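What follows is one structure encoded as structure tokens, with my remarks underneath.
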Amino acid sequence: MHLTQTAYAKINLALHVRARKENGYHELETLFAFVDAGDRLVAHGSNEDRFSVTGEFAGALTNPFDNIVMQALFTLPRPDGLAITLEKNLPVAAGLGGGSADAGAIFRMVRDGYGLPDDWRVRAAKLGADVPACVESETCVGRGIGTELEPVENDLAGMAVLLVNPRVALSTGPVFAKWGGGDDGPLPQGTAKDIFINGINGLEEPAVTLCPIVADILEQLRVTRPMAARMSGSGATCFALYNSDEERDMASQHIAAIRPDWWQMRGHLR
Ligand SMILES: C[C@](O)(CO)[C@H](O)COP(=O)(O)OP(=O)(O)OC[C@H]1O[C@@H](n2ccc(N)nc2=O)[C@H](O)[C@@H]1O
Ligand SMILES: Nc1ncnc2c1ncn2[C@@H]1O[C@H](COP(=O)(O)OP(=O)(O)OP(=O)(O)O)[C@@H](O)[C@H]1O
């Protein structure tokens with residue numbers, strides 16, 4: 001048994017927070033999309049489940065026992081163990097659903113190697129609100145707490161995308177806690193492009209309150225004249241979409257010249 005998967009970086013092309021629920025979670029409507037790059041996972045058959053981490057952001061994951069990769073493995077019945085190596089290329093607590101994407105990749109590995117149990121969606125949602133979307137890693141609309149998924153016409157596939165993160169971790173819970181209440185309203189109607197162009201990220205304002213550098217990233221991305229720039233998820237990563245790789249790469253060079261300390265990733269939307 002030898003399985004490999006990319007844990008595709010998740011971005012929220014739009015995220016409208018609708019209401020706070022009694023249990024503290026928030027009702028939302030979001031347009032999920034995925035970049036064709038991210039963490040890399042390799043699995044080999046083993047007499048027991050094992051886990052090791054390499055890569056630029058391995059140091060941010062200090063306790064392997066509470067890693068979502070192991071939680072995803074434990075929730076999925078299999079006849080044999082798997083030894084997993086995770087190459088952690090995505091920043092942690094960054095709004096890119098990095099841990100959720102890793103869990104999604106484990107679900108796809110187990111699906112390919114052994115098949116998934118019928119209730120895999122329930123098992124995925126228990127690991128985190130973003131995990132069900134990360135299993136298929138295809139552009140879709142999420143409702144409820146983000147786990148009720150609907151297809152959408154994806155007219156953004158292949159668009160050049162640039163991700164920028166200030167290397168400041170921002171946890172999801174505190175950003176939702178700073179959300180001002182009210183209602184961001186429903187997602188706009190139409191294709192993925194319509195929803196992206198006409199939508200917002202309602203968590204941008206609370207994220208900027210906690211992490212003001214997010215506003216600087218958005219300002220610098222907008223200088224590069226993308227189709228649009230927005231924060232992803234609860235931040236602090238922001239992204240911009242471009243009509244060509246050349247425009248995106250020039251934007252990347254502009255940002256690297258003024259802020260060489262900011263993390264960047266280039267790719268295309270799936
Ligand atoms: C911000 C998003 O990434 C957008 O895709 C998600 O809504 C969050 O997804 P996630 O990180 O997988 O979320 P979870 O791990 O389930 O929750 C982390 C914390 O975020 C808050 N949370 C999360 C999802 C949601 N709909 N409402 C919330 O208020 C809760 O305080 C929760 O304790
Ligand atoms: N494999 C993993 N990769 C990243 N974080 C993990 C992993 N396993 C556990 N975690 C923990 O999960 C928390 C959230 O990390 P993650 O990178 O998934 O957040 P995020 O990018 O903010 O996600 P979201 O977009 O859902 O808000 C971190 O505190 C981290 O310690």
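Note that Cβ sites are derived from N, Cα and C of the backbone, with glycine treated the same way.
Within 10 Å of the C-beta of LYS10 (active site) there are 26 other C-beta atoms, taking all protein chains into account. Taken from TrEMBL, the feature active site applies to LYS10 (among others).
Sequence annotations record features per position, and here TrEMBL assigns domain 'GHMP kinase N-terminal' to 77-135.
For ALA93 (ATP binding site), the Cβ neighbour count at a 10 Å cut-off comes to 17, with all displayed protein chains included. The ATP binding site annotation in TrEMBL covers PRO91, VAL92, ALA93, ALA94, GLY95, LEU96, GLY97, GLY98, GLY99, SER100, ALA101.
In sequence order, LYS10, PHE32, GLY97, SER100, GLY146, GLY233 are the residues near ASP130 (active site), counting only same-chain partners six or more apart with C-beta under 8 A. Residues annotated as active site in TrEMBL: ASP130 (among others).
Per TrEMBL, the feature domain 'GHMP kinase C-terminal' maps to 193-249.
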Review point. If H, G and I count as helix, E and B as strand, and all else as coil, what does DSSP give for LYS10 (active site)?
Key: strand
Exercise for review: Just the recorded positions from LYS10, PRO91, ALA101, ASP130 whose C-beta lies under 6 Å from any atom of ligand 1, please, or none if there are none.
Suggested key: ASP130
Check your understanding: Looking only at GLY95, GLY99, which of these binding-site residues has the biggest number of Cβ atoms within 10 Å around its Cβ?
Key -> GLY95
**Study point:** Cβ-based neighbourhood (8 Å from the centroid) of the ATP site, residues PRO91, VAL92, ALA93, ALA94, GLY95, LEU96, GLY97, GLY98, GLY99, SER100, ALA101 excluded
**Key:** ALA9, LYS10, LEU90, GLY233, THR237
Review point. Using a Cβ-Cβ cut-off under 8 angstroms and a sequence gap of six or more, which residues of the chain neighbour ALA101 (ATP binding site)?
Key: ALA7, TYR8, ALA9, LYS10, PHE34, GLY38, ASP39, LEU90, CYS134, SER137
Revision key, fill the gap. With the fewest other Cβ atoms within 10 Å, the residue among the binding-site residues PRO91, GLY97 is PRO91
